[in-house]
Amino acid sequence: MQTYLVGGAVRDRLLGLPQGDRDHLVVGATVEQMLALGFTQVGRDFPVFLHPKTQQEYALARTERKQGRGYTGFVCHASPEVTLEQDLLRRDLTVNAIAEDEEGRLHDPYGGIQDLERRVLRHVSPAFAEDPLRILRVARFAARFHAQGFVVAPETLALMREMTDAGELAHLTPERVWKELERVLLGETPQI
């Protein structure tokens, strides 16, 4: 069993920004092992647990496959055989697909560190198109990181336009749209 810090906490630390939520990824473990260690399972659709002392989130490594439209209809597969690289591949942006192991070593199979240095928001894989909520997430990140000089990669913008033209945003619920818009509006640069 190997535990990694993933997502925004790693990204923000590398940018020298305050870290928010600390999400952890667990590779090589089962639900039963996590429960035996005292974790509390909170995820319905995929195995997410709360640490018994810190209450931070720990998710088992998983892959996702889309079956349907909108941001629902994902089939998640979590098992001890899912690798770190497979889990990171399902993430939205390269800058969010960086993991830090317990020894402080960074694992960056998709070029997130280089994109941080270049100030580029780029999708990890074509699977980005499977979740239209990611369009709004990219808009939120573009607004949030505008002051640091970040731009959306041309190929990511093109993919977002294709998704919009295909009507994918129409499949989002108003609650999910509002949640993302609220995060933009409450940010430091909502006008971007």
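Even glycines carry a Cβ here, placed using N, Cα and C.
Listed in Swiss-Prot:
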| type | residues | note |
| --- | --- | --- |
| BINDING | Gly8, Arg11, Arg91, Arg137, Arg140 | CTP binding site |
| BINDING | Gly8, Arg11, Arg91, Arg137, Arg140 | ATP binding site |
| BINDING | Asp21, Asp23 | Mg(2+) binding site |
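Overlay of Swiss-Prot feature records on the structure.
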residue	record	contacts (Cβ under 8 Å, 6+ apart)
Gly8	CTP binding site	Gln19, Gly20, Asp21, Asp23, Asn96
Arg11	CTP binding site	Val95, Asn96, Ile98, Gly112, Leu116
Arg91	CTP binding site	Gly7, Ala97, Val124
Arg137	CTP binding site	Asp92, Glu180
Arg140	CTP binding site	Glu180, Arg183, Val184, Gly187
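Looking at Asp21, Asp23, the binding-site residues in this record, the fewest other C-beta atoms within 10 angstroms of the C-beta turn up around Asp21.
Neighbouring residues of the recorded ATP site, listed in sequence order and excluding Gly8, Arg11, Arg91, Arg137, Arg140, comprise Gly7, Asp92, Leu93, Val95, Asn96, Phe141 (Cβ within 8 Å of the Cβ centroid). DSSP assigns Gly8 (CTP binding site) to a helical segment in the three-state reduction. Here ATP is bound by Gly8, Arg11, Arg91, Arg137, Arg140 per the record. The longest Cα to Cα distance in that group is 16 Å. According to its DSSP assignment, Asp23 (Mg(2+) binding site) is in a strand.
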